[in-house]
Amino acid sequence: MNEPNTRLISGLNVAANPHCHIGENPLWNPIDRKLYWCDVPRARLYRFDPETRFTELIRDADNSLGGAFLGGFTIQQNGSLLLFLANGRIDRWTSTSSEILIAPHPTHDGMRFNDVIADPIGRVFCGTLSLDGSHSGNLFRLELDGTLTPVLSGVLCSNGLAFSRDGLHLYHTDSLRRSITRFDYDISSGALSRPIPWITTNEQDGMPDGITVDADDHLWSAQWGAGCVIRFDPSGQEQLRITLPVSHVSSITFGGEQMRTLFITTATTEHPHQHPLDGALFMAHSAAQGVPELPSRIA
């Protein structure tokens, strides 16, 4: 690792610790300048203000059909949130209202959504996985009119998604295969083509989980089971490794002033009392600059 890269990150600290079972989907909201993230198996949604360091629980579990898991969410152009739940259910949500956009469906029984991302024109790519691990999942594209189109099948554990800076490539993580694949992306049609195995990690480096791309087109990957975040250059070579005091690092995003705060979510291990920081939200100053995630525009 070269010397300049060792100074990219400073001041790593705990931003909040709600002891998430699986903290996921950190997303900076440019409208209210706060960080949102979810606790997947408890279907909770949190909001953190870096100015006041105040954390709010803004949505708790919904025990109706398909509502018990919150795999991911996007921020709509109008400021509402799209919540991607279980059994194919997708909700449109604000702090004062909630409506089901896509109802649970038998074809999605036993499945839940996982990581999601909006594309440059507002569609949403959303992965699914099996709740009991008995069968593989898919990657879907949620169209602007609210219909779901399958685009990739046979995914063992659909996870982190990110676009290259020019929007011409989509990165997709399959955690159980320890792989990140790069696709060519047609922005006008939403079509994926020419998959290229881009990164494969070994057992020591854990499984790639949530990912994001910075302003220099470098990809950052949270490494589940390895207690670290790795930054890769555009050729797929490791440039930086950040070690955290927990083993299950789940996702990562940029936010804050000039998009230079790094936010990292984590999950709880099998022995939570032995690891008091499991499930915490971490933050650090970054010399590398992030880019805002794109808003969804689903009707």
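Even glycines carry a Cβ here, placed using N, Cα and C.
Over in TrEMBL, the protein carries these features:
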- ASP209: active site, proton donor/acceptor (ACT_SITE)
- GLU24, ASN159, ASP209: divalent metal cation binding site (BINDING)
- ARG112, ASN114, ASP132: substrate binding site (BINDING)
- 23-268: domain 'SMP-30/Gluconolactonase/LRE-like region' (DOMAIN)
DSSP state at ARG112 (substrate binding site), helix/strand/coil: strand
Same-chain residues at least 6 apart in sequence whose Cβ lies under 8 Å from ASP132 (substrate binding site): GLY110
Neighbouring C-beta atoms (10 Å sphere around the C-beta of the residue listed as 'active site, proton donor/acceptor'): 28
Alpha-carbon spacing, GLU24 (divalent metal cation binding site) to ASN114 (substrate binding site), which is rounded to whole Å: 9
Nonlocal neighbours by CB distance (under 8 Å) for ASN114 (substrate binding site), same chain, sequence gap 6 or more: VAL40, GLY71, GLY72, CYS126, GLY127, THR128, LEU129, GLY137, CYS157, SER158, ASN159
Neighbour tally for ARG112 (substrate binding site), based on other Cβ positions within 10 Å of its Cβ: 26
Site diameter for substrate, Å, by largest Cα distance between ARG112, ASN114, ASP132: 14
The domain 'SMP-30/Gluconolactonase/LRE-like region' (23-268) [mean pLDDT, rounded to integer]: 96
Rounded Cα-Cα span from ASP209 (active site, proton donor/acceptor) to ARG112 (substrate binding site), Å: 16
ASN159 (divalent metal cation binding site), number of other Cβ atoms within 10 Å: 28
